[in-house]
């Protein structure tokens with residue numbers, strides 16, 4: 001039975017899961033990696049598209065920056081005009097002349113304003129002010145655009161590394177979950193399949209988590225942060241583990257030869 005057949009059968013057949021108890025451990029470990037790859041692909045695609053959209057927006061934002069420079073802690077612009085970009089969720093203001101009063105920033109939910117000697121940021125009603133002299137460096141809009149372009153150019157690499165990191169992290173958590181379910185199996189096996197060792201329970205647990213892993217991965221895409229999803233996951237996993245244990249055949253009892261009796265000679 002190939003790995004795709006194992007995946008399909010593990011979704012609904014505890015009897016088939018029970019047959020995997022003698023499988024090589026390497027194949028079982030490979031199955032866990034395969035399972036997590038399957039459930040990670042859809043959210044990774046969505047996450048990648050979201051990040052890509054963010055980088056596109058950042059690129060457009062940087063390209064539209066007005067020309068300015070910060071020298072010796074003082075902001076200056078060629079025409080000394082006020083620039084306001086309020087087309088996105090973040091409002092960006094360059095105001096070396098001080099035409100926009102700081103009290104006016106309260107009307108924006110998220111705003112960053114560059115004034116003559118300081119930058120003022122207001123996010124969700126919380127305001128922060130930092131003087132340019134604290135940066136300890138001179139800066140121009142061209143340098144910002146060049147740096148941003150370099151970062152945006154590496155965005156495919158960032159997205160790829162982040163997705164791989166998420167996959168490895170969630171897979172590590174799944175191995176921990178499988179090991180814990182196998183420990184629960186030590187309690188469940190009593191009077192059902194008491195002959196099984198922990199290594200065999202671990203194999204069963206690796207396949208028993210298939211159904212809850214797939215189901216709740218789909219639910220997370222439709223209804224993020226479903227209440228009690230963690231508890232429901234473990235209920236389904238334990239039920240599948242218990243059904244798989246019940247499907248394990250009982251060990252055969254050794255046969256006893258009948259005692260032949262005869263009349264004394």
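Glycine too: its Cβ is placed from the backbone N, Cα and C atoms.
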Task: Per TrEMBL, the range holding transmembrane segment, considering 125-156, 157-188 - done: 157-188
Task: Chain residues in Cβ proximity to the transmembrane segment (200-219) (below 8 Å; excluding those fewer than six residues from its ends, i.e. six or more beyond) - done: 6-7, 10-12, 14, 17-18, 20-23, 25, 28-29, 31-32, 35-36, 38-39, 42-43, 174, 177-179, 181-182, 185-186, 189, 226, 229, 232-234, 236-237, 240-241, 244-245
- [ ] Using a Cβ cut-off of under 8 Å, list the residues of the same chain at least 6 residues beyond the transmembrane segment (225-245) that approach it.
- [x] 14-15, 17-18, 177, 181, 184-185, 188-189, 192-193, 196, 204-205, 207-213, 215-216, 219
